[in-house]
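Before any comments, here is the structure.
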Amino acid sequence: MFHCIIILYSTHVDQKVFSWTQHTKSLILSAFFWGYLIMNLPAAMIGRRYNNQMLLAMSMTLTVALSLATPMLVVAFNWPILVLIRFLQGLTQAFTMPMIHGISAKWAPPNERGRLVGFVLGGLQFGTVITLVGSGILASTRSGWPSIYYTSGAFGIFWVILWLIFGSESPDTHRLITRSERNYIKSSLTQTVSEKKNLITPWKEIFTSMPVWAVTISHAGHNCGFWLLLSEMPTFISSVLKFDIKSDGFVSALPYLAMWLCQFPVTYFADYMNKKNVTSLTFSRKFWNTLGMSGGALGLMVLGYMGENANAAICMYVFVVAIGCCTNVGFNINHLDLAPNYAGILMGFTNAVAALGGVLAPTVCGFIVHDQTSVDEWRVVFTLGAVILFFSSIFYIVFGSAEVQSWNEPRNENVGVRSFMQMKTDYGSSSKYTSSSSSFVKVTSKYTMFVRQ
C-alpha cells in the first residue's frame, strides 16, 4: 500500500520528484500482485508444516525491511527498483491470508466465524484508513514521502514484537486462556476439525469442487473491483475531482472507514441469524455475498456516469467500498465452512487466483486511461469493474455452498516422499502451539492494519 504513496506524493519541494507515466505507475502498482500470485499456494503449503505464528512474524519482518530500504533505493535507482521491491513484498505478504485462515480454523466456532474472521479482516480496512490519512500528513511534512516508509516500518517492528509475545496458533496450551474457553472452542469444532496429524491433501477433490470454484471466482472478482478502487481512485480523485494532497488523503480514507465500521453490525447480525436458525449457513453466505458484490457493481456503474460532480462521486465511492464489508460473511469466510481442515490451503488457492484481479486492475486501467482527466475513459474502467463484480456474484449464487465437504475428513497416512506436497496439518488440537482467543483477535487485527504496505 505505501508504495502507491510515491506516485501520489512525490512533489514535495525537499524531495526528489518522479515524473512517471501512467503506464509506469500501473506497472509499479501491479508488481506486488505478481509476487502475491506466485507465492500464495506455496505459502499455504508451507504453513501446514511450520508454525503459523512464526511464519507471520517472518513475513512481516521481511516486509518491514523492504519498506525501510525503499526510499534510499528508489532515489538511487528510480522506478525499476520499486517494481522489484513491490514484487518481493508480494512474495512475503502471500503468507498472510493463508496463515490467518489456518489459525482461524482452530479458533472460530461455526456460529461465531462471521464475527471473529470479520473482525480480523476488518483490520485491513482500518489499516487502509491509517495509511491513506497518515500518508497525506507525513508526505506534507519537511521529511516528505520517505517518512511514510520509516513510520510504517517502525509500526511493523512493534507489531512483530507483540505478535511473538501474545500470538500463536492454537487454544490448547495458552497461558492466559481459561479452561472453560478452551473446552468450548474445542468442543464446537470436534465435528469438522480433525485431530489427526498426517493429513493427505485431497488436491483432486479441491480442484474439481464447484463450491471451491464459486469461492475462487467470487474472490477474484471482488479483488478486481476492490483493488481497482484502492489503487486507482486516489488518482481519479486528484486528477478528475481536483482534490489537493491533504484532502485526497482524508477523502480516499473515508470509504474504508465506513467499511470498517459497517462490518461490525453486519457480521454480528449474520451470526445471530444463523445461530437462531432464521437463515441456513448456505443462504446466509449467498445473501451477504450478493449484497456486497452486486451492490458494489451497481455503485460502480453509477459512479461512471457522475462526471465531475465531486460530492456525488465521493458519496458513491463511500457506498461501493462500504457495502463490500458484506463479503466478509460471504465468500471471504466460506473456506472455513467447506473444509476447516484445509482452510489455509483453500485460502492459498483462491487468493492466488484472486491476485490476478490485483494484477489486472491497475494494468488494464493503465491501458484504458491515457488522459487522467478524461471522465469518459474512467467510465469505461468503472463499467468493466461492475461487470466483473456482477458476474462473480451470479456464479457464487449458482454454485456456492456452506456445507462441509466430504473430503474435509481426510485419510491419516504417512506422508513419506511426498512430505512437501502433502504435508502434516495441525488444524485440529495441538499441544505444540499456544494462543488466546481474545489475544489472537486483537493482535491479528493490529497485524492486518499494516499488511497493505
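Backbone N, Cα and C define each Cβ position, glycine as well.
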To which of the residue ranges 116-141, 220-245 does TrEMBL assign the term transmembrane segment?
116-141
In contact by Cβ distance (the transmembrane segment (343-369), the transmembrane segment (116-141); 3 or more pairs under 8 Å):
no
Quick test of the contact rule: Cβ under 8 Å, at least six residues beyond the ends. What residues does that give for the transmembrane segment (381-399)?
210-211, 213-215, 217-218, 220-222, 224-225, 228-229, 232, 286, 289-290, 293-294, 296-298, 300-301, 303-304, 330-331, 357, 361, 364-365, 368-369
Would the transmembrane segment (343-369) count as touching the transmembrane segment (249-266), i.e. at least 3 C-beta pairs under 8 angstroms with sequence separation of 6+?
no
With pairs 6 or more apart in sequence, are the transmembrane segment (311-331) and the transmembrane segment (287-305) linked by at least 3 Cβ pairs under 8 Å?
yes
